[in-house]
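For 1-17, the entry in Swiss-Prot reads signal peptide, with the evidence type sequence analysis. Positions annotated as disulfide bond by Swiss-Prot, on the basis of similarity to another entry: Cys189-Cys428, Cys323-Cys337, Cys347-Cys370, Cys354-Cys363, Cys392-Cys398. Here Swiss-Prot flags Asn220, Asn518 as N-linked glycosylation site, drawing on sequence analysis. Swiss-Prot lists Ser276, Asp467, His529 with the feature active site, giving sequence analysis as the kind of evidence.
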Amino acid sequence: MRVLSTTLLIGAAAAAVSPPQQVLQAPEEAVENTHKSSPSLAESLSQPLRELKEELKLLTNEVEEVWEEVSNIFPGALDNIFFSSAKKHTRRPDSHWDHIIRGSDVQNIWVENENGEKEREVGGRLEAFDLRVKAVDPSSLGIDPDVKQYSGYLDDNENDKHLFYWFFESRNDPKTDPVVLWLNGGPGCSSLTGLFFELGPSSIGKNIKPIYNPYSWNSNTSVIFLDQPVNVGFSYSGNSVSETSAAAKDVYALLTLFFKQFPEYSSQDFHIAGESYAGHYIPSFASEILSHKKRNINLKSVLIGNGLTDGLTQYEYYRPMACGDGGYPAVLDETTCRSMDNALGRCQSMIQSCYDSESAWTCVPASIYCNNALLGPYQRTGQNVYDVRKPCEDSSLCYADLEYVSTYLNQAEVMKALGAEVDSFDSCNFDINRNFLFKGDWMKPFHKLVPGLLEEIPVLIYAGDADFICNWLGNKAWTDALEWAGHEEYAATELEDLEIVDNKHKGKKIGQVKSSGNLTFMRLFGGGHMVPYDQPEASLEFFNRWIGGEWTK
């Protein structure tokens, strides 16, 4: 759990539950654990690295100098690169599933438009996708036994990708309540950790039994928990995924086919929510959905919690948060804080080069340099990067209780009830983390997609104020700086107290909020990286009010 100065800290920024120290090296027995039936697996595992080599001839002298500089400062950061291994799996027969929705069938549904012309009912390329659905017996698992549940896989038959999902109906009025897609970050962390550790209907106790969660987000919404990208959680593939844009089309296909199978949900308001690296995912996924004018997805808003969206702005706030300017005592001494100040200029210069080119050759060294120079000093203290108030517990993920979740989901009876097809569940897959970093995805400017979203839907950026890794200072700063049509009015808006309004704790201050036009920012008091985990009551309070339209036009 300690950082070596010669390692690349790729697990350091933006995982909902990724370990704060992750050495870049080949997993033991990696080749042995690959799925032997994939003939092109060896090639696919090294795809991001091969793509980097293909671009070698395009290197300018300046970029070559940057790589030389990073190699000299952090000698060993690029040693022993290995890309993701496939997960062992056994596909269940079609007879196991209650429904199989063929994308090719949906693709071939034509309707007549207002001009009397024939057009497809929904847009997008769906012919390669199928959706498998199984009704989950809640009584067999003891999780929200009175709530209808479905689980299954989205299959991309063309690219051998299989994404697992688990759907819970609203506890309140599923016929009218909104539907929410929840995404954890990483990249490479399962959204089932969000389900059982944060905002789902149950947590898992020491006895590996479900414990009812009265603050679950399915109190007033139906929720889909999705394991993506592939090879995360119960999802699997013989190939690797290494960039956010590739996952966006998968998510669009899943939602389109799901709402086709269950049209009773398709007319209801739909929202996408997530945290951490979902600051990359959500702008991309929402943009993909909105790009299809003919769709059955009634997208109304997005919510990003403690996200990484604009690294150029957000990395500036690691020193202030670690050194006592974020509302909590300093974790680092003055000498270390000054060294972080000295490194900031070079870091921002590298990130700007990444923004300008969006090439892996500029984005990868920016990630290496900035993570080592600005996150490394904090990590070496052993303090929890997801909560400045706590030490990192004796766990690879800083929270020992997460082991209960993995133990529960690895039980044969649970996997059978859910229709899981892999041989084991892991909360986070750090090979995926490497893939995304070496594709350059980590530092790319996903905030540039947000102005387009704001033209059509409301956007909420919320942040627990005790988080270091995607802290509230940086999230407030990038939303303040964002160039969009309502920028001036938003920038002039002051933070106001956020209080509980509708229960016995009415009047209790839970944070601060500023909102103008379609953009809203919230600071949540006492919340770490995972606000629903640290502040469940406050989490459900702001979530219900946001879904209810309080801060939206």
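From the backbone N, Cα and C atoms, a Cβ is placed for every residue, glycine too.
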**Prompt:** With every protein chain in view, how many other Cβ atoms are within 10 Å of the Cβ of Cys392 (disulfide bond)?
**Reply:** 22
**Asked** Which of the listed disulfide-bonded residues (Cys337, Cys354, Cys398, Cys428) has the least company, meaning the fewest other Cβ atoms within 10 Å of its Cβ?
**Response** Cys337
**Asked** Distance between Cys370 (disulfide bond) and Cys189 (disulfide bond) at the Cα atoms, whole Å?
**Response** 22
**Message:** Cα-Cα, whole number of Å: Cys347 (disulfide bond) versus His529 (active site)?
**Reply:** 23
**Prompt:** Among the glycosylation sites Asn220, Asn518, whose Cβ has the fewest other Cβ atoms within 10 Å?
**Reply:** Asn220
**Complete:** If you measure between the CA atoms of Cys189 (disulfide bond) and His529 (active site) and round to the nearest Å, you get 14
**Request:** For Cys363 (disulfide bond), identify the closest of the recorded positions Asn220, Ser276, Cys323, Cys398, Asp467, judging by Cα separation.
**Result:** Ser276
**Message:** At 10 angstroms around each C-beta, which of the disulfide-bonded residues Cys323, Cys363, Cys370 has the fewest other C-beta atoms nearby?
**Reply:** Cys323
**Prompt:** Between the recorded positions Asn220, Cys354, Asn518, His529, which lies closest to Cys398 (disulfide bond), Cα to Cα?
**Reply:** His529
**Item:** Assigned conformation of Cys428 (disulfide bond) - DSSP reduced to three states
**Value:** strand
**Request:** Compare the C-alpha of Cys323 (disulfide bond) with the C-alpha of each of the active-site residues Ser276, Asp467, His529, and give the closest one.
**Result:** Asp467
**Prompt:** What is the nearest of the active-site residues Ser276, Asp467, His529 to Cys428 (disulfide bond), using the Cα of each?
**Reply:** Ser276
**Request:** Measure the Cβ-based neighbour count of Cys189 (disulfide bond), defined as the other Cβ atoms within 10 Å of its Cβ.
**Result:** 32
**Message:** I need the nearest neighbour of Ser276 (active site) among the recorded positions Cys337, Cys354, His529, using C-alpha distances.
**Reply:** His529
**Message:** Nearest by CA distance to Asn220 (N-linked glycosylation site): which of the recorded positions is it, out of Cys354, Cys392, Asp467, His529?
**Reply:** His529
